[in-house]
Amino acid sequence: MREHRPIIALDFPSFEAVKEFLALFPAEESLYLKVGMELYYAAGPEIVSYLKGLGHSVFLDLKLHDIPNTVKSAMKILSQLGVDMTNVHAAGGVEMMKAAREGLGSQAKLIAVTQLTSTSEAQMQEFQNIQTSLQESVIHYAKKTAEAGLDGVVCSAQEVQVIKQATNPDFICLTPGIRPAGVAVGDQKRVMTPADAYQIGSDYIVVGRPITQAEEPVAAYHAIKDEWTQDWN
């Protein structure tokens, strides 16, 4: 099931900065928000409770990667926060991912990171010593994620079609690195526009700086949302 709201990456250093940003939006507007490591480490679990209390959906992007028992225990705690979605690194292995699923339960979506969108094929081959193509690595991780019983993966939009072919059409593909046409790509190596991401089959898109650093964030958000959903029936 595709998500009609672009997920806004709350890449802010403090609780107060988040409050100031969200104050720009109408109180009745329900958003889908990503809390990453920077914000979670700065504000703690209370940031999730605060966002849920405002009626927003929360993707807690912590990319857990540890031994299975530790990840399972951590996921039990995250499940109590009421997050709507969270993630692990697929590189942690099938047993770790199964443990994460068991710890989190079935109320929240659980997805895995394949290769970060900041990773190029040359970087992967040199630093991870994975001597395949980037796409082959991503497909391998996606298959293992499906095998472990997770809901989907984080991946580049360019990889969505091959991942769904290798797994199943309902396997979630969440796509970061989304940039409207004409916006600087920043540190992302593999990017795509919202309209292109829709056409290629992404289920969720994540957008950060083009919204949070825009002169008019609310207008930027709705422009991206309109582009993302313009061809929906």
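Cβ from N, Cα, C; glycine included.
Going by Swiss-Prot, these are the annotated features:
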ACT_SITE  LYS63  active site, proton donor
BINDING   ASP11, LYS34, 61-70, THR117, ARG179, GLN188, 208-209  substrate binding site
Output, ordered by sequence, the same-chain residues six or more apart from PRO68 (substrate binding site) with a CB under 8 Å from its CB, or 'none'.
GLY93, GLU95, MET96, LYS98, ALA99, ALA100
Let me know how many other Cβ atoms fall within 10 Å of the Cβ of LEU62 (substrate binding site).
16
Surrounding CB atoms that lie within 10 Å of the CB of HIS65 (substrate binding site), all protein chains
16
Could you list the residues of the same chain, at least six apart in sequence, whose Cβ is under 8 A from the Cβ of ASP11 (substrate binding site)?
GLY36, GLU38, LEU39, GLY208, ARG209, THR212
LYS63, THR117, GLY208 as recorded positions, winner by CB count within 10 A:
THR117
In which DSSP state, out of helix, strand and coil, do we find HIS65 (substrate binding site)?
coil
Express the distance between the Cα positions of THR117 (substrate binding site) and LYS63 (active site, proton donor) as a whole number of Å.
14
